[in-house]
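Asks: This is the structure, below, for whatever I ask next.
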Amino acid sequence: MPRNQQSFVCQSCGSVYGRWQGRCDDCGSWNTIEPEQDALAAPSSGKKTKARGLPIEGLTGHAAPPPRFGTGASEFDRALGGGLVPGSALLVGGDPGVGKSTLLLQTAAAAAKDGKRTLYISGEEALDQIRLRASRLGLEDAPLQLAVGTALKDILQTVKANKPDFLIIDSIQTLWSDDIPSAPGTVGQVRACASELTRYAKNAGCTVVLVGHVTKEGQIAGPRVVEHLVDVVLYFEAENGRSFRLIRAVKNRYGPANEIGVFEMQGSGLKEVLNPSALFLGEGDEDTPGTAVFAGTEGSRPLLCEFQALVIPSQLAQPRRTVVGWDSGRLAQLLAVLSARSGVEFGRDDVFLSVAGGLRITDPAADLAAALALISAKEGTPVPARTTAFGEIGLSGKIRPAAQGAMRLTESAKLGFVRTAGPAGLESDTIPYVPLSSLQEAATWLTGS
Ligand code: TYD
Ligand code: MG
């Protein structure tokens, strides 16, 4: 391709088009296609190397688990599946202001104190700003090396001379390579810089963390192109106005995905939350109808949280349905199943359902707890005190078995609950268990009629 040819690149997935169009055919996003010069040009210097045969080996042989080093925070280690792997590249994405720089400065300082040669390169903040933050976090004494820069070639030269074990680039969107004519932050630049740094990680055995901002649409600029280049993709998330933060692995070549770590943003930085269930349980007002505790899971960890429902006669022609922290489609389906299978009608009521603590629940086993909260609110009967519930409800009203049942029971017992209601067919030796096979049975158990 001639160097001055213009192509049009989707800023979300990196697909390249010959002319502009409103919607990307590959990822379906609208208005993400931007003109870029020469986006396909290889970022290399163009020197040719001689072809050579690749060594071929079998499956047997050295297969030791990768050596890992800790991040200084067990919640972060947990999200990573046990710590950072030398020679791996990671992407940490999140909204501006969520605390990515804080988290990585704390991690870098912990690694440096632990004897890892750690280099933190910022393209966003001046050295004094980073020092100020470090002193606020009480980390001034960490033997951390800092640099400020945005030109990829300067960064590569610095790291090749400095040979760090652990390198943090804050953020990938500020970097630019002069092999690519487009502006910093565009897909072409992000892809070229991320792939160079990933290659450096592999070749030098250095752990490289790339920080990435999420755009307003909820995507890292060029997310797919960066996500498939790196070994681990983590998202750092906050719920509106809450001080807790979740770090979630969405891709992990060295461990399970969907693991979460929980932190709380305090005046002196991010503190780990080692018992997150306690954070998400509500006030525990046991006599109020409309609350039910869900014995949930996130990744491989149990997480208890409380559903709160309010059901009041509606003044509107079309009653209101409001849900916070859960899927509104799921609520609509549950209300339909409740009406069809257990005879509890919500047709003339406004229904409000929310998850206490600001957590967003995706676990399909949340149905039973949500249903109990709704029936309890409608009928005015509180759910028995110190009870947790879990189970997925199908359209037939049957309560289906859920994954990780035993872990849900153990966590309920550990946090002082005295009984758990869930799908039939599960044995419990940790906590008294109420097996429920259908929604009808659940309604009868709750209301006693
Ligand atoms: P920051 O790490 O700069 O976010 P990001 O790199 O993701 O853009 O965090 C910024 C926010 O965190 C800022 O609004 C202030 C807050 N914060 C605290 O509450 N306590 C602290 O100790 C620090 C360092 C930041
Ligand atoms: Mg930052």
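Cβ atoms are placed via backbone N, Cα and C, with glycine included.
No curator has checked TrEMBL annotations; they are predicted automatically.
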Asks: From the ranges 3-37, 38-72, grab the one TrEMBL calls region 'Disordered'.
Replies: 38-72
Asks: Give me the non-local Cβ neighbours of GLY97 (ATP binding site): same chain, 6+ apart in sequence, Cβ-Cβ under 8 Å, ordered along the sequence.
Replies: none
Asks: Counting each residue once, how many in the domain 'RecA family profile 1' (65-214) are helix, strand and coil under DSSP?
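Replies: Helix, strand and coil residues of the domain 'RecA family profile 1' (65-214) number 63 helix, 32 strand, 55 coil.
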Asks: Checking distant contacts: for the motif 'RadA KNRFG motif' (251-255), what same-chain residues at least six beyond its ends satisfy Cβ-Cβ under 8 A?
Replies: 66, 68, 80-82, 85, 88, 227, 230-233
Asks: For ligand 1, which among the binding-site residues ASP95, PRO96, GLY97, GLY99 have a CB under 6 Å from it?
Replies: PRO96, GLY97, GLY99
Asks: Quick check: which same-chain residues outside GLY94, ASP95, PRO96, GLY97, VAL98, GLY99, LYS100, SER101 lie with their CB within 8 A of the centre of the ATP site CB atoms?
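Replies: For the ATP site the neighbour list reads HIS213, PHE236, ALA238.
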